Amino acid sequence: MSATDRSVDLTEGPLLRPLLALSLPLVGTQLLQVAYNLVDTFVVGRLGDGAVAALTYSLPFIFLTISLGSGLTVAGTVLVSQHRGAGNDDRVRAVAGQTIAVTAVVSGLLSLVGYLLAPTLLPYIGTTPGTEIHAMAVEYTRIVFAGTAFMFGAFAFQAILRGWGDTKTPMYLMFGSVVANAVLDPFFVLGFDGNVVFSLLGLGGLEATLYALTGFSGMGVAGAAVATVISRGGAALAGFWLLFSGRLGFALSLSNLAPDRETVRKILDVGGPAGLERSADSLAYTGMTVLVAMVGTNAVAAYGVGNRINTLVYLPAVGLAQGVETAVGQNLGADQSGRARRAVLLAAGLGGGVFLLASLGAYAFAAAIVALFFDVSKTAPEVLSMGADYFRIIGPTYVFMGLFHLLNAAFRGAGSTRTALGFSVASQWFFRIPPTLVLITVVGMGAAGVWWGIAVSHVAAAALVGVWFLVGDWDESVVDEDEHGDRSDDEAAATAD
């Protein structure tokens, strides 16, 4: 094992400590991912509301791309974790190499399609061709799509290491990437003209001198995209160097990138449904925003605040859920289905306690939470009332939301990504959107109808996955028997010696 191998083995010994060691860095990584968007929005905001609007228009396409990439690379986590649990290091290297190769091909296709279609697709989100906002949105979107390979490369690295049991190294690289983005953003966006960094440091004179020498006033909104691509690219390249250098407990070689039809088929079979799952969730979010807009702008404002708090509650769920994927994968690979189930129940107990506290806090301090985000003296009373109702109705169901994500992650870790896709689609497109539409348009409940639609979907979805977790046959490895051949041969040779 390499001295820099930070991986966690969840197949032996107590489960609590390694599960926390695996999951907490994943929560940190998710927080850092949020920081990317916050930095871009803060810096671009210095250009005015038109620039922020251009950035906002591009986000649905960016989020959809992120959903596809992060979902597809779930296959890397599932297959690497199961092969590691089986003691099959040769197959770990093969799967890791093929995951990188597949994501490279898919990202290349998405880059081309996104770049070419950006001017055509953005008007469907609301831009007006011929306007400055449309032009800025097109430029930003095209640059981000041009860097899709770096984005997907980072996702592949994170997924492979997550399956191996190392979540600290990806977090460190993400931190470096976020810092790089925060440093580069102001200079690429603002140049040496009104740069917030110089004003914060009291270096206005130096800024004026640099502007006089270079005349560089920044690239505007496009600069934010360039900074993001460069910072993500640096993280992806550093990750690949670590993978091929052998510093992480295993080493890839160029031969691992050569096409292997059966491994590629397995990756697409496992990763395809996971990519569809996250894409369906992304589209459902857009659909819910449309429904809220039907109620009015006050409801949209209240919904926006609610989603910000939901994100904070959701992040621990994501971290624990990704830890569950690895724990289940490693133990099923080691033919320890009982231990895999215990790992899920332990995570559910830990997460359930955290989410229960969040539920109680959201209900008890609903009005105070809303007041944190608005100047009460300048905000319509309806917005404050709707926001408080949001937390009183949805808040108590946070525990169900968290449990749904944890249990569904168990199915993904087992490789049952079609099952996870089915439950996720049911949660959003059966339990949430149709009832919400009825409560708004037929019952006439307004914003409260949206809140109740979300709350009911949390409870119903958690109940559904809970039943399948208890009675379903999900706890079987997707690693084929013939894929264990290398391990069996090695063990046989060792015995003969």
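Numbering starts at 1 and runs along the chain as displayed.
Note that Cβ sites are derived from N, Cα and C of the backbone, with glycine treated the same way.
Unlike curated records, TrEMBL annotations are generated automatically.
If you check TrEMBL, you get these features:
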type	residues	note
TRANSMEM	20-39	transmembrane segment
TRANSMEM	59-80	transmembrane segment
TRANSMEM	100-122	transmembrane segment
TRANSMEM	142-160	transmembrane segment
TRANSMEM	172-190	transmembrane segment
TRANSMEM	210-230	transmembrane segment
TRANSMEM	237-258	transmembrane segment
TRANSMEM	283-305	transmembrane segment
TRANSMEM	344-373	transmembrane segment
TRANSMEM	393-411	transmembrane segment
TRANSMEM	423-444	transmembrane segment
TRANSMEM	450-471	transmembrane segment
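Counting residues 6+ beyond its ends, the transmembrane segment (172-190) has Cβ neighbours under 8 Å at 28-29, 32-33, 35-36, 39-40, 43-44, 46-47, 154, 157-158, 196-197, 217-221, 223-224, 226-228, 230-232, 234-235, 238-239 in the same chain. Highlighted: of the candidate stretches 100-122, 142-160, 237-258, 393-411, 142-160 has the greatest count of Cβ pairs under 8 Å to the transmembrane segment (210-230). Same-chain residues lying 6 or more positions outside the transmembrane segment (142-160) and placing a CB less than 8 Å from one of its CB atoms are 29, 58, 61-62, 65-66, 69-70, 72-77, 80, 96, 99-100, 103-104, 106-108, 110-111, 114-115, 118, 170, 173-174, 177, 222, 225-226, 228-229, 232-233, 235-237, 239-240, 243. When Cβ-Cβ distances below 8 Å are used as the criterion, the transmembrane segment (100-122) is approached by residues 57-58, 61, 65, 68-69, 72-73, 129, 134, 137-138, 141-142, 144-149, 151-153, 155-156, 160, 240, 243, 252, 257, 259, 264, 267-268, 271 of the same chain, each at least six residues removed from its ends.
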